[in-house]
Each structure stands twice: as structure tokens, then as C-alpha cells.
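Student: Sharing a structure, written as C-alpha cells. Questions coming.
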């Protein structure tokens, strides 16, 4: 039986290890990044050399060995159940005993950047955090350079010289506050009666404790807004109390309480509890505050346990001196309050500080006021304030250390001049924000540091030491064993770290499978011996593994070693693959070179008068003008999409590089811009030279065009060639800048609209040479043929190929992808992998965006998956979200009305809480129609021409591949149904069936899909399940290889137990727990060298087409692999690369 297994492994030495193909035979995955049985392949880890570690890693490894006991004791005392233990720089220094401040800064900053945002930050995407990251990155780069420079000079020293502590700037200088401010922070622990002002600050409730004697009190409040007096009369006859408050400028407030019933007077020391509400809660509390809920009782005095006088009196000076933090202490109102017995209850008093004078310790506000949210700029409502009890003629209101900076985060709500004068500029507020943000950011997770150290230790030393280091990654509390809770804690931490999510029952099943494998004695714990025995590889496997690893290293070492013969062979491969592209590029440069030579000779022979007037610069201007005319004409040919689609369907598709039209468009555009600048500069210099020439020379050259001699500025800015020339150069600059990749991705509309300036550019270019200063205009001769083709192409697309279709269904997936389903027009014939242009009139009537169709031509509907990235797609997503909501609510209303629950004529109100520009409810409920233009050809439509095809998609780039896979799957199903029917009828219609449902010579499709999110695999879940179930029933076969690139590779010691448990769970239930698909998802990025080596051997002598749609980095990598592994010898494998261009 063992021999049979070995034979199977040798036969199917597939580095991809497809579970649905080799589930019964393949017991060991030879995929390069790990194997399931070997777990973390420690004994053959390539990172054995200690010199591979950075200097900071070495320092941490040595420090952990020396201070391991102290660090573990600290972790035990601060035990955290979620593997998050935040420490600052000083704690890191004490725990690891790092005395070199320079090394400490470098280590700390490294982990500040690498610490997961979801573990330490609440808003890691805020602009403040982004600015902070940039600052830390800049400082870290400077620190690393200086640190490495110093370390090279001191290689013989065991430690870095302490004199270099001040060599670099401190990252935390922004966190050093004024000494007075630091004293305030120290005193915050002593404050018991505190008030926390939450973020937002429109109004905030202050819970105040009252002694309650009457439970049912009706309070009638009469407000006098003119005098800012509140009179409350409390008459408790029949449990009715009338309270009269007179609050004048927060001073000398009199409270008269008349009670006919017996009241108990309880004077207790009450603490003002902190309130932590968000903006919405604050507003709700303010609006729901009822004026008839003031209790009638004596308010217990607030115990002044911490003196206000101990705080600095001039906080404004502290702001100006430090520029980073405002004192968190606010003085109290000096209120003279008198009261009688009032019942005790808890009342939430909504107040907003209207004016704050930092020059005085007291609040100088005429009154506590509430600023209305509806009109925060103008409307101010005055609400009564319940009575306070007299306490030494002083009412204390104190703030915690983080309250006042929170107020300053929204300074626009305060309208007082005194407050505005205390904060002189927004820059100081930004500094305060930045310092507060940095205080949150400047901590690291101790578990991240320790895990990284043990990860490095697992790569050095003996096998025993490596396994010990791996064991300590899980036994972080040094118990000597791994309990179920410890393992669950580690797995939860790793799943969050890798962006994975599991249900609770899945995690429990996962742990059960791991303990079933590792816990040999079934005692509920995994000790070191059990852990070691499971990871130890027997001697036979070691020898075999060493041989395999040696062979692979030999292959890897030979990669990139080019002899003279190999270099020549590489050139031949490049010419074979890129022959047509190189031919047209060479032809392009040859034509431009010929134009340069002919223009030079023509000027030298026919424009001697112009040379005499303008100088030698005429040569530059005329050569550049000739290049502009040629390139401006042929660039139109690269914009004829319909023409390229027609060429793709003919036999000439291999002669013209139609897949490279974007490359030629950019090349011609660059040439046009350079020639335009040379032409402009040449004419400016020439005109300056012409000013020094006598009149006879000037009129001898330009006599027909000028009756009076103009100045140089008049020739430049007051002539038709000058004005049109500067406008054209402006158009080119705008189009070039807005065509940059960063702008196209962030704001496609700018790129799209700016490119329509080419219409004005051509009009001005025709007018530019009509005056004929040097020679008659000739651009129209170059323009007529390309302009004709472009006009026909554009007209054909505009009048013949534009369709208005109705969207039948749409699905919004995870706020990232929109799935549109619309009807297929009768004359809309397309091939799998082609794309179309979509226009949504409700969003924009002018914008057309390209999207690949993910449906098969055999279907009567068209499917399109749109990724939400730019402004247009975001507007579309918001509009469809509202439309979906309106439809659901309308359907609910119709269902209720059919059940006669609502009376006839009832109005059904739909609340619209989303923000979108003036959406009409009637339009939202009407059928959804869009305009489509196309189809247009793409490289993916060639996929069915080869026997072996490799499809690679990244993210939403899988769309053309999904169309191909769906088309292949449907054709196989149709052929299978036809084969089961009448054989005579099948023979008669064989040609028709082959044309419609034929798959050509295609034998197998190798599909690769790379994603950074486990939920992204659900976009085409039904298609993948159908293919995995029926994909190998007959030819062509389809193999699926999905990769989650965000997570660590499965051989990583940090996740090997997680991966192993998931593998056991997959074998038990037949579904991948991360994707719920019936095949295993690989972790990490694919190793393309191993994959191409495997295909090169298995399909020797065949041609393999590689189609890619994804990031430019992935396309470039695959392109290089195709070039390298293509063998031009007889019997060699040839790889042909194709890339999607939109």
C-alpha cells in the first residue's frame, strides 16, 4: 500500500495539488510553500543563515534570551485573553533591557508601523493617522540609515555607542508637553468628581444625583429669554411642584422651593459620573430632555475633593508655549446658590459651554446654552437648568485629561469671541489633534514583538531548538503545555491577523481536529513531547526531502545564470514572442527618423530666407512640426476600437499587435508631447533672434503676412500661430497630467473628460499653419486618412452599435462589487472575454465606462461585475442602494395592502437616509435602463485556440476568465445533451453544432484566482461550484486554483496549526471553511517558477497561452516567466502571454 502511494505521488507530482482531481491519490502536496503532512518544514527551512536577520532582529533575539523570565512574568501579571498587550517605548526598554536609545527608536518605530490597525486603532484610516504614518516612515527611514551606518563602523563592538543617542530626531518629540501640563495629567487620578465631554459636543448631559422623595412630580417651567432668567415655583400640592429659577450670568442664582408635604433632606456627597456618548446619542439626549422632568428635592452638594486652585491659572499660555495640548482642567462657576429641600433623582442636564475664557480660572459665560443641530450657525435655544445646592458659594465642574482636546476637535460649534481669541489659529488645533492621535498610536503590541522573535528563532539552531521556539509561540504564558483555551486564543489572534472570519462552531470543530491530531494521550493538553513527536520527520522522509530540496536548489541556483549561448537563446525567445510588436515599433522609429532627415534637407534647400531671419532654430521647429503632423495623425488609429475588434476576427490578427494598441497609443503620445515642446521653444527663440535683424531681411521673409513690423510679443501672443500654439500645448499638458495612473484610478471622470480636448486640439492644429509663414499648411494631408477611419469607427459605434437595455436585476455585494444583469439585445453578438461600454443616464449622460462581460454568449442575459472604486462607481452604488431600498419598501407596502391591513388611500412614507443628489422617488421605482456600446475585442477571446490555457485573474480581474469558464461549462453541457439524443440528427447537424458549441482543440484550462479577502471568492461562487462538480466529466478539463494572498503561507510557523486544522476540517466536510467552496484555497502567493517548471515538463513540445487580467506587477511577472521558460528547440514548451487592456 505504501508503495502504491509513492507511485501515485510520483505520477502526480503536481505543485498545485488540486483536491478535486487527486483527492484519493495525492497524500502529499509538493507545492513549494509547504505540505500538509510536513507542517512547518523546519528541518529544511532555507532561512538558516543567521546573517539573514537584520540588526534589530539580532538585538531582540539576544535580549529575549537574556530577559525571557522577566518578560514572561510581566505577561503573566498582565494576562490578556485576546493576545493584545499594548506597551510604550519605556516599557519595551525595561523589559528587553535595551540601553541604546537609537536602536530602541528603530525597533519601536518598526513595530508601530507593523502593528495591526484593528488591534490598536479605532480609526486608522483618518487623515491624522495617515499623516502620522508618513512622519513615522520618514523618521524611521532616517533612523535606519543612520543606525546601519553606525553599525557598520562598529562591527567589532557588542553594543552601539551610547554617544549616538542624539544622532537622530526623536519620533516622540511631539508628545513632550509643558511641565505644567504634565502636572495636570498626574492630578487626574486624584479627581473623583469628574465630567467627561464626549466627541461631538453639540450638547452633553451631566448626570447629577438628587435625593428622591417624590416619584411623581410635574414640573412647570417658565423661561424668560430676554433677561436670561429661569423662574421655577415648586408647589407640591397634590404632588404638583412649581419651580422658579432665576439664573443670571451664572452668578447669584436664587432657588425658592415651597413644599406643603413632608420632605426628607438628604445631603450626600455626590460624584458626577463620566458620560461617554457619541454624537447621535448626545443629540438625542438633548432633544429628548423634557422641561417637565425637573425633580423637586434638595440637591446634594458636590464634594470638592480636589482643589481647583492647584491647577495652572493661565491655560492659554500653555497652549501657546507647547502648541500641542490644552490643559484638561476647567475651572468652576462661582455661583451663589441657595436651596431648600428637593427630592433626589438623577437628571440629565443638557448644556453646552458657550464661552470659555482661558485667562481666568472661572467660566465667564452669560448662560449655559444649547446650540440647535438644525441650524448650528444661527439658532440658539436657551434651556432652563435645574437648581444646584449651595456648597461654599461655589459650583465645581471639572474635566478629565482627555476632555478638552475632544472639545477642540469640533471648534466650529463655539461662537464666543473669547474662545476664538484663545485659539489663535487652526494650526494649533491641528497640533493638539496630532499630539492626541500620536498618544494613541505610540504603543505597540508586545505579543507581536515576541511572536516575531520566536519566528526568527525557529529558523536557527538545532531541530530541537527550532521546535522549542515554535512551541513557545503557542505556549506564550510558559505553562509547559498548550491548553484548549490557549490554542483558541492563539487561533483567534491569528485569524484576525490574517483577515479571516469563522463561526464559533467552526472554530470549535477546528480545535477538536487539532487536538485529535496532537493530543496523543487524550488528556486535554498538548505538552512539548506530543508537539515534538508530531513535528518530527522520520529519517526516511528526511533523506528524500533533502534530495528533493537539493534538486530544487540546483534548479533555482541556475536561474538567472546566462552564458553567451543562453543570452542569444533568450534574445531569440524574445523575438519569437514579441516579433510583431517589435516590428511595428521599429517601423514607427524608422518613419520618424526618415521624417527628421527629409525635413532637415527640405529646410536647408528651400528655407534660406527663414534661416537668415530666425536663425538655426528653424531646423528644430520644422523637424518638430513634421513629427507633430505625423504622430497627431496616426494616434487616431490607436483609438479605433471597432476596427481592432474586426481585425481580431480575421486571419490578420497575428500580423497586427492589436493587443498592444495601448502601448502604441502611449508611445505616440509621448513623441507628440516632446515634439510640441521642441517646436514651441524653437519658435520663441527664433522670434527673439528675429528682433535683431534689419527690416529688409524681415520683410523679405514675411512681407506677404505683415504690412507693419510687429514686436516679438505681438508675433507670439497676437498672431494666429502663436495663440493656437499656446492653446494646443496647454491642451496636451492637461491631457498628459490627467492621464497619469494615480489620477485615472482615483478620478476617472477627469481623465475621461480631459481626453475629449483632442477635438479642439485637431481643430486648432488645422488652423495653426493656415498663415503659412514658412510654407503652406500640410497637416490636412496627413489627417485625412486616419481621420476618415476614426470618423467611421466612431459613427458606427454611435449610431449602429448603441443599445438601450433594461436592467433585470442587480446585486450589491459587500459594498465592493455591483453585479448587473440586463437583457441581451437581439443583434448583440459577442465572444467570451470581450468587454462593452456602459452609460448610466441617471449618474451621467456623457460618461461611458468599460466593463468585461462575465456571461456566456449562449445565455439570453448579460452579466457584468463592477468593482466600486472611483467616483462614478461609488455614485452608482449609492443610487442602486437607494433604489433597492425603495423597491423593498414598496414591495412591503404592497404586501401589507393586499392583506387589507392598511385602509385605502393610506400614504406609505419612505424614509431616505442616504445622501444622493436629488433622487426622485418615482424614478427610483421605475425600471432601470442603461445604454451599452460594443462589444469590443480583447485578448481573452483567443483562449480557445490552444490545447493548454492558463487563466490568471486577480480580484475583479477574474471577470473575463469567468466568462470563458462559463462559456466552456455551458458548451460542455449542451454537447453532452446532444450526444444523448438522436445520433442521425447529430451527424446531419455536426457542422452547425461544431460551429456553435465547438471548443476547438482545447484540452485543459488551468484557472488561477488571487484574492486578498476570503469573501471575494463568493462573487462567482455558483460558477466555481458547478465547475468543480462537473468540470472534469469530459474534455476540456478545468482545474481551479484559488489563492488568498493576504494570509501567511501555510508553512509559516505562526499559522501552521491553523492551516492543519482547516485541512482536517476540509477533509471531514468536503468544503473549505474559509470560502465554503468544494476545493482547497492556497494561502500566500503562488510560486510561478515552480508552476511554470511543472507545466514546461508536463506539456513538453506544446504551446501554452497565458492570459492575465490584474495589477501591472502581476502582469509583468507573468510576462517575464513566459519569456524565460519558453524553449525554442524542437520538443520545447512555448508560452504565449496575453494581457487585458481597457
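Cβ coordinates are placed from backbone N, Cα and C, and glycine is handled just like the others.
Per Swiss-Prot, heme binding site is recorded for 665, 679, 755, 768. Residues or ranges marked as FAD binding site by Swiss-Prot: 849, 850, 851, 852, 853, 854, 855. Look at Swiss-Prot and you will find 172-246 tagged as coiled coil. Per Swiss-Prot, the feature domain 'EF-hand 1' maps to 462-497. What Swiss-Prot records for 506-541 is domain 'EF-hand 2'. According to Swiss-Prot, the domain 'Ferric oxidoreductase' annotation covers 622-766. The annotation domain 'FAD-binding FR-type' is assigned in Swiss-Prot to 794-942.
For each feature listed, report its degree of burial, its nearest neighbours and the pertinent distances within the displayed model.
Tutor: Residue 665 (heme binding site) falls within a helical segment according to DSSP.
According to DSSP, residue 851 (FAD binding site) is assigned to a strand segment.
Proximity of distant same-chain residues to the domain 'EF-hand 2' (506-541), defined by a Cβ-Cβ separation under 8 Å and at least 6 residues beyond the stretch ends, is recorded for 38-40, 42-43, 463-464, 467-468, 470-471, 480-484, 487-488, 491-492, 1057-1058, 1060-1062, 1064-1065, 1068, 1073.
Assigned with DSSP, the residues of the domain 'Ferric oxidoreductase' (622-766) fall into helix, strand and coil as follows: 118 helix, 0 strand, 27 coil.
Mean pLDDT for the domain 'FAD-binding FR-type' (794-942) in the predicted structure: 76.
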Student: Please report the Cα separation of residue 853 (FAD binding site) and residue 665 (heme binding site) in Å, rounded to an integer.
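Tutor: If we compare the Cα positions of residue 853 (FAD binding site) and residue 665 (heme binding site), the gap is 24 Å.
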Student: Taking the Cα atoms as reference points, how far is residue 850 (FAD binding site) from residue 755 (heme binding site) in Å?
Tutor: 15
Student: Near residue 849 (FAD binding site), which residues of its own chain have a C-beta under 8 A away, given they sit six or more steps off in sequence?
Tutor: 748, 837, 838, 839, 872, 873
Student: Quick one: pull the CA-CA distance for residue 851 (FAD binding site) versus residue 665 (heme binding site), whole Å only.
Tutor: 20
Student: Cα-Cα, whole number of Å: residue 679 (heme binding site) versus residue 852 (FAD binding site)?
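Tutor: That separation, Cα to Cα, works out to 41 Å.
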Student: Cα distance, residue 755 (heme binding site) to residue 852 (FAD binding site), nearest Å?
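Tutor: Approximately 22 Å lies between the Cα of residue 852 (FAD binding site) and that of residue 755 (heme binding site).
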Student: How many whole Å apart are the CA atoms of residue 855 (FAD binding site) and residue 665 (heme binding site)?
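Tutor: Taking the Cα atoms only, residue 855 (FAD binding site) lies 30 Å from residue 665 (heme binding site).
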Student: How far apart, in angstrom, are the most distant Cα atoms among the heme-binding residues 665, 679, 755, 768?
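Tutor: Those residues reach a largest Cα separation of 23 Å.
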Student: So what sits near residue 665 (heme binding site) in its own chain, CB-to-CB under 8 Å and at least six residues off in sequence?
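Tutor: Spatial neighbours, sequence-distant, of residue 665 (heme binding site): 635, 638, 639.
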